[in-house]
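Handing you this structure, nothing more for now.
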Amino acid sequence: MYLVESKGGAIACMILALLSLGTWPAILTLLERRGRLPQHTYLDYTITNLLAAIIIAFTFGQIGSTKPDSPNFITQLAQDNWPSVMFAMAGGIVLSLGNLATQYAWALVGLSVTEVITSSITVVIGSTLNYFLDDKINKAEILFPGVACFLIAVFLGSAVHRSNADDNKAKLRDFEKAKQEASGPVTEIETNSSKDLETNVTNRTSAKPKEGTASFLIELEKKRAIKVFGKKKIIGLGITFFAGLCFSLFSPAFNLATNDQWNRLKQGVPKLVVYTAFFYFSVSCFIIALILNIGLLYYPVLGLPKSSFKAYLNDWNGRGWAYLAGFLCGFGNGLQFMGGQAAGYAAADSVQALPLVSTFWGVVLFGEYRRSSRKTYLLLLSMLFMFISAVAVLMASSGHRK
């Protein structure tokens with residue numbers, strides 16, 4: 001069995017996990033914006049997410065000979081370690097609930113802000129729990145200032161969402177006003193501002209709307225699976241905070257599964273190795289996702305159309321991208337846990353700075369915050385600065401498990 005033992009190796013795992021975990025949400029968001037039902041996408045995603053855990057277990061978990069205190073994956077499957085298995089599976093359940101909720105939050109709140117708020121809540125609660133579970137192996141004087149940076153980012157993320165939502169409302173109001181003026185005499189059109197003229201011309205031609213304009217927002221609303229116009233901001237933020245609370249619990253549960261801090265295992269039974277725990281963690285994540293998403297096919301939420309399992313099986317539009325997202329998330333979670341077992345799970349929570357990656361994709365792929373107000377840009381930059389500070393501080397707090 002291969003184990004990450006050095007601090008440098010742990011940090012390398014965290015960085016790779018950061019890139020993977022910051023990219024897969026962008027792929028699922030892209031599919032929703034192209035009109036694919038989130039239930040279909042998530043069912044595809046969860047298949048490869050489980051497959052990634054199986055691959056990790058049968059490779060890293062089987063390398064080398066087995067030892068009494070650290071048995072290989074297959075050897076440990078037959079051992080009496082169910083108290084730890086239940087902790088691992090509990091972690092998988094809350095992660096699955098959080099991932100399911102974020103599918104809808106990405107549409108209602110936006111990819112960048114959703115990731116900021118959920119990740120910040122995860123660190124504020126999860127890192128604090130992991131610090132005490134890990135017997136304080138992380139440096140408190142460094143760790144908790146990093147946690148404070150994430151807490152500040154929660155409030156900044158909420159402010160960015162509110163400001164950007166107000167900007168979009170203003171764009172749509174100006175667009176409707178420009179349309180009314182455009183329907184009047186020519187002299188009225190000629191007196192419009194240059195900004196209104198550009199909007200009118202874009203609306204009356206077949207050219208692709210520019211990102212950030214009202215025309216772009218209207219075209220996006222027509223294509224996407226989850227309709228956001230008319231939805232209250234509090235709904236999206238409520239879903240986002242629920243997802244953050246779920247995410248804050250999965251890492252501490254995994255920590256308990258691999259280190260048995262509460263001494264639930266029988267004497268002589270070795271602790272769950274990270275690969276065995278990750279396997280059970282992913283199995284429960286898969287089962288919950290399967291049950292809930294099949295149910296949501298027939299009883300959808302937020303105004304989504306009904307579907308069926310047969311319709312899902314026949315929906316190949318974007319399936320390959322959904323499979324890729326599942327692999328990225330699965331391997332990202334595995335790398336996070338491998339690094340956390342070596343350097344402390346509180347420090348491994350630095351991968352929750354994944355909004356740095358998600359924001360990049362949000363701006364490049366989806367045109368988020370294009371043509372927004374100066375206030376929104378200032379809040380966005382402040383939010384990202386807090387994240388950059390937080391990830392650096394959290395990684396610097398890394399300890400070494402004895």
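Positions of Cβ are set from backbone N, Cα and C atoms, glycine also.
Unlike curated records, TrEMBL annotations are generated automatically.
Reproduced below are the annotations present in TrEMBL:
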{"type": "TRANSMEM", "residues": "6-30", "note": "transmembrane segment"}
{"type": "TRANSMEM", "residues": "42-61", "note": "transmembrane segment"}
{"type": "TRANSMEM", "residues": "81-101", "note": "transmembrane segment"}
{"type": "TRANSMEM", "residues": "108-130", "note": "transmembrane segment"}
{"type": "TRANSMEM", "residues": "142-161", "note": "transmembrane segment"}
{"type": "TRANSMEM", "residues": "234-257", "note": "transmembrane segment"}
{"type": "TRANSMEM", "residues": "277-299", "note": "transmembrane segment"}
{"type": "TRANSMEM", "residues": "320-339", "note": "transmembrane segment"}
{"type": "TRANSMEM", "residues": "345-366", "note": "transmembrane segment"}
{"type": "TRANSMEM", "residues": "378-397", "note": "transmembrane segment"}
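Quick one: how deep are these features, and who are their neighbours?
Listed by sequence, the residues of this chain that lie at least six past the ends of the transmembrane segment (81-101) yet keep a Cβ under 8 A from its Cβ atoms are 42, 46, 118, 239-240, 242-247, 249-254, 256-258, 260, 264-265, 269-272, 276-278, 280-286, 288-289, 292-293, 329, 333.
Counting residues 6+ beyond its ends, the transmembrane segment (277-299) has Cβ neighbours under 8 Å at 39, 42-43, 46-47, 49-50, 52-54, 56-57, 61, 73, 84-85, 88-93, 95-97, 99-100, 250, 254, 257-258, 306-309, 311-312, 330, 333-334, 337 in the same chain.
Counting residues 6+ beyond its ends, the transmembrane segment (320-339) has Cβ neighbours under 8 Å at 3-4, 9-14, 16-21, 23-25, 27-28, 30-31, 40-42, 44-53, 56, 60, 95, 99, 251, 254, 258, 274, 277-278, 281-282, 347-348, 351 in the same chain.
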For the transmembrane segment (234-257), what are the same-chain contacts with Cβ under 8 Å, counting residues 6+ beyond its ends?
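Distal contacts: 84-85, 87-88, 90-92, 94-95, 97-99, 101-102, 104-105, 107-109, 113-114, 117-126, 129-130, 133-134, 158, 161, 272, 277-278, 280-281, 302, 336-337, 340, 345, 348-349, 352.
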